[in-house]
Amino acid sequence: MEDDFDIRDARMPENEREYENVLRPLSLRDFSGQAKVVENLKVFVMAARMRKEALDHVLLHGPPGLGKTTLSNIIANELGVGFKVTSGPVLDKPGDLAGVLTSLEKNDVLFIDEIHRLSPIVEEYLYSAMEDYRIDIVIDKGPSARSIQIDLAPFTLIGATTRSGLLTSPLRARFGINMHLEYYDMETLTKIVLRSANILNVKCELNAAREIASRSRGTPRIANALLRRVRDFAQVKGNGDIDKAIACFSLEALNIDRYGLDQIDNKLLTTIIDKFKGGPVGLTTIATALGEDPGTLEEVYEPFLIKEGFIKRTPRGREVTDLAYTHLGRSRVGEQGFLFD
């Protein structure tokens, strides 16, 4: 159905980026979840402020929507320094990187999203910038080419990635602070939903917030996106307030089931069962059958399905689990005959 809620749109909808910014916490004190990460960051940030130095370079990795960008912004706020944002695909050539780096002031924070997508040549230029706060720029071409060394102000690079396994060892080794973000528990997500509802000036009952949280795939960005959609239903179909009944009605209308799975999740599981006898089957083959990008399946959908026990990785490919069969109301081929073999 064309009007089904696509879980990918919940990760950072372009037309709702302003809402995402409004709902972001601005300090470590206001940040919910990731307790160990937050406590360690408080120490590292305080130490850098006491020494009046740039914070060591930080690598944040984990599934989409867990707060990597938000934490990066908070770090800059806590340090009281400037914050510049770019991404790996945007930094196409060394000159692009040089332009960003030379614009930084002392102890500023540079956030590079999707840092695993940096081109090899740009990544090499980044090494000396991270280690020695300098870059070497080649002027002219051919016999007249010469290298000019440019000194940079001390800065903190925060790299964010959903696929840390794609980072090269030399780049990974240059991050002094390495932090993995985990999926959120329901209690924390419920607090986030209630906080966001308050900011959006909409009344949301505790049970309704729990219902939204339980279907948010452990991801704050999805919880906030679902809250905004439920708010729409509450205004049009109800009195504007969000209770459990309107929350359940809205989420069912969006085809988000009680596990937080959407239409593509269920289609993925069904495809493995119907076309590949439950697996094992390779990711590229699954992607072709679904008409989806393999990277999208691996980065966006698969982590949650694995975490919740619907699929598992094996040396021969992906397999669906008994939980997936039960969830879809299906039985394994030949299952009833086992007793009579």
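Glycine is treated like the rest: Cβ placed from N, Cα and C.
Annotated ATP binding in Swiss-Prot involves Leu23, Arg24, Gly65, Lys68, Thr69, Thr70, Glu131, Asp132, Tyr133, Arg174, Tyr184 plus, out of the candidates Arg217, Arg221, Arg228, the residue Arg221. Annotation for Arg313 (DNA binding site): spatial neighbours Ile306, criterion Cβ-Cβ under 8 Å with sequence separation of six or more.
You'll find the Cα of Tyr184 (ATP binding site) roughly 25 Å from the Cα of Arg318 (DNA binding site). Around the Cβ of Thr69 (ATP binding site), the same chain contributes Val85, Phe111, Asp113, Ala160, each under 8 angstroms and 6 or more positions distant in sequence.
Under the DSSP three-state reduction, Tyr133 (ATP binding site) is assigned to coil, being neither helix nor strand. Candidate binding-site residues: Leu23, Gly65, Glu131, Tyr133. Nearest to Arg318 (DNA binding site) by Cα distance: Gly65. Neighbour counts of Cβ atoms within 10 Å were compared across the binding-site residues Tyr133, Tyr184; the minimum falls on Tyr133. Counting only same-chain residues six or more apart in sequence, the Cβ atoms lying under 8 angstroms from the Cβ of Glu131 (ATP binding site) belong to Arg174.
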